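A short write-up of the structure that comes next.
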Amino acid sequence: MSELIPLSEVGVVNPTSATTNRPRRPEWLKARAPGGVNYHDVLRLMREKNLHTVCEEARCPNIGECWNHRTATFLLLGDICTRGCRYCAIGKGKPKPIDEEEPERVAESVAHLRLKFAVLTSVNRDDVPDGGAHIFARTIELIRQKVPDCKVEVLIPDFDGNWDALAMVLDAEPDVLNHNIETVPRLFRRFRPRAKFEQSIELLARARAAHPHLVTKSGMMVGAGETNEEVYEVIDRLREVDVNVLTIGQYLAPDASYWPVHRYVTPAEFADFRAYALARGFRHVESGPLVRSSYNAHLHVGAAQH
């Protein structure tokens, strides 16, 4: 069994290291050291195909566990984001032109890995009219052609309120439509300066209205300065637009230049969030310190459809 290591050693920097008045990282925030045959097979394939994963770019603490299960979240549209959200480790700036061949390489990788469940996400591409929605749609279509029994989850940006772009993705018929709310309304504009809470809620509502049987999903991070009551209020808002699946995890600052961690939420509090969300009608809830949006994603679609 792999030994437990600090998150900083898998790319998640402990925000207490730069400032002594920030909370000390608790013992329960440990991740397993990445390694193993499957891990290195996935890593090699991503390099060969010149593909990006959010697992690496966002410094996910679960990379070792997920890659050893031969699952990965493909990062479409390059590795440079046009936005500057204060929590995200993905590079910001002027991105390269969209690579129209990327969907083919992703689909080939899904086939090579013999995936039964693929997760597709992307950087924000506010520099192109459809926000890159056509790349999502084409990637879904090619995965369906090459691996017909593979289910597909898309974790999409807000497309800056371009509902035609949303429709383009929905028309490709993903199995799960995920759009993360990320935080509570009070913190939203500081945490995500170029996004709007109500716009994200509207996106999820429109997805449900257009495809009543689609599994919809959202997620948020806690420990960023919100109160537990505000978390419960967001859970209620998401249920109002009939979101099926919810993920809640601990916010971890990539380094001291990002939005600071205000506190470390206890495992007991995460259990309370999960119990409340299930009582409100969510069909599946992942809630825990190391939970990320795509964690155990292959389990969500089946649970949500029952």
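For all residues, glycine too, the Cβ spot is worked out from N, Cα and C.
In Swiss-Prot this protein carries:
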type	residues	note
BINDING	CYS55, CYS60, CYS66, SER294	[4Fe-4S] cluster 1 binding site
DOMAIN	67-283	domain 'Radical SAM core'
BINDING	CYS81, CYS85, CYS88	[4Fe-4S] cluster 2 binding site
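Look at CYS85 ([4Fe-4S] cluster 2 binding site): DSSP puts it in coil.
Note on the binding-site residues CYS81, CYS85, CYS88: the fewest other CB atoms within 10 A surround the CB of CYS85. Closest to SER294 ([4Fe-4S] cluster 1 binding site) by Cα-Cα distance, out of the binding-site residues CYS81, CYS85, CYS88, is CYS88. The Cβ of SER294 ([4Fe-4S] cluster 1 binding site) has 28 neighbouring Cβ atoms from other residues within 10 Å, across all protein chains displayed.
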